[in-house]
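What Swiss-Prot lists as disulfide bond is CYS22-CYS96, CYS146-CYS202, CYS263-CYS323, CYS369-CYS427. Here Swiss-Prot flags 125-218 as domain 'Ig-like 2'. Among the features that Swiss-Prot reports, domain 'Ig-like 3' is placed at 240-339, with the record citing sequence analysis. Sequence annotations record features per position, and here Swiss-Prot assigns domain 'Ig-like 4' to 348-444 based on sequence analysis. For ASN73, ASN299, the entry in Swiss-Prot reads N-linked glycosylation site. Annotation comment: Swiss-Prot describes 120-449 as region 'Constant (C) domain', evidence class a curator's inference.
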Amino acid sequence: QVQLVQSGGGVVQPGRSLRLSCAASGFTFSRYTIHWVRQAPGKGLEWVAVMSYNGNNKHYADSVNGRFTISRNDSKNTLYLNMNSLRPEDTAVYYCARIRDTAMFFAHWGQGTLVTVSSASTKGPSVFPLAPSSKSTSGGTAALGCLVKDYFPEPVTVSWNSGALTSGVHTFPAVLQSSGLYSLSSVVTVPSSSLGTQTYICNVNHKPSNTKVDKKVEPKSCDKTHTCPPCPAPELLGGPSVFLFPPKPKDTLMISRTPEVTCVVVDVSHEDPEVKFNWYVDGVEVHNAKTKPREEQYNSTYRVVSVLTVLHQDWLNGKEYKCKVSNKALPAPIEKTISKAKGQPREPQVYTLPPSRDELTKNQVSLTCLVKGFYPSDIAVEWESNGQPENNYKTTPPVLDSDGSFFLYSKLTVDKSRWQQGNVFSCSVMHEALHNHYTQKSLSLSPGK
């Protein structure tokens, strides 16, 4: 069984260093490339670094290049990530991940290691009960909440009635505030009829500060002589999040394909399922977007997607696309904007490299395509042989070079016999700065080699 077990992490001051480890078992470590990926609080996954199985190639995300170093020790079956000059924005859960043998996705993950970069001191949370008024609980159910505010560092655990109450409980991810302290909230849905007869207690445990708080949550009786406290800020109770994705590079560069900008809304509640999309191109509203039927997710929320078809030349000319999302659970609409990276396009240079002599002792060999000097980073690389597509290839993400351009490698794995038979293999590159947006470089075994 494949296992990746991580260690390291913790709380560190800005500017200091930290090392993460990823110990592998259940497979031949020296034959696999393993990546580091991270997820900052409230954000999506971000690729960090990769080192090839033989240690010859290392690539880093722009945000960590020059500060982080990836390394491996095959004798210990361990991958490392040395992090120097750490910044608050490096705060995240870090994962090591291995790609599945036959597919370009991460199939095996470490358990995750939390790294917190902050100058804040350890601080226990303040806990506030969140309860409806007695007049607003007549709908059959009532939502009771618990706001856990201003603590450091992560994590904090929240339970209800000392763990006896688990049904209807939803604890939202922590939010890192501008103060450098964390806040989160937990909500439980209970029958309205149980209020007043059943006791509900929110149990909070913050081990770093050795703080334990038990807070009773009960509805407030409000009348003309009693003013209910204001509701907490909606963002602290969670709510929909919006993500805007650009079209695929290949779609923008081939006239036969249809480029699309995609707006994705997640964490839409059952109570407020209706989502409204408004789309704008360079500030002018357009009405040709298509909204797909909402999909229910494993965490009992909805995911809603709206897709806007764009004109090839509009995207390449740098027009700005804005998705505006409205939902009753949001205090105000959320707007996300996207466009092609600004700057003068630079034409990629393409070089093909045959297998090394040492590799010819193996049953399979690697053909390499180096693509360098291009800008922006939107690019597509494919392989073919004798007019037929080749699928057994992997391409690194574009890497920022010292001159402001990007480079990448694409590696095609083929049986040695196919190479020695003199078959011609071609690396095809699509980029906006190329003539007709396309170029191709071929390689084959030269006679006598």
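In case you wondered, yes, glycine gets a Cβ from its N, Cα and C as well.
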Exercise for the section: Determine, to the nearest whole angstrom, how far the Cα atom of CYS146 (disulfide bond) is from the Cα atom of ASN299 (N-linked glycosylation site). Expected result: 20
Problem - Mean predicted confidence [pLDDT] for the domain 'Ig-like 4' (348-444) - result: 93
Problem - Inter-residue Cα distance where the pair is CYS22 (disulfide bond) and CYS263 (disulfide bond), in Å - result: 35
Practice task
Please work out whether the domain 'Ig-like 3' (240-339) lies in contact with the domain 'Ig-like 4' (348-444), by counting C-beta pairs under 8 angstroms that are 6 or more apart in sequence and asking whether there are at least 3.
Solution key: yes
Practice task
Round to a whole number and give the Cα-to-Cα distance in Å for the pair ASN73 (N-linked glycosylation site) and ASN299 (N-linked glycosylation site).
Solution key: 39
Completion exercise
For CYS427 (disulfide bond) and CYS96 (disulfide bond), the CA-to-CA distance in whole Å is 30
Problem - Secondary structure at ASN299 (N-linked glycosylation site), reduced by DSSP to three states - result: coil
Problem - Per-residue Cβ crowding (10 Å cut-off), top of glycosylation sites ASN73, ASN299 - result: ASN73
Handout entry: Candidate nearest CYS369 (disulfide bond) in space, where candidates are the recorded positions CYS96, CYS202, ASN299 and distance is Cα-Cα
Key = CYS96
Completion exercise
Across every protein chain in view, the count of C-beta atoms other than its own within 10 A of the C-beta of CYS263 (disulfide bond) is 27
Problem - Residues that sit under 8 angstroms from CYS202 (disulfide bond) by C-beta distance, when 6+ apart in the chain - result: VAL127, PRO129, LEU144, CYS146, VAL158, SER159, TRP160, SER186, ASP214, LYS215, LYS216, VAL217
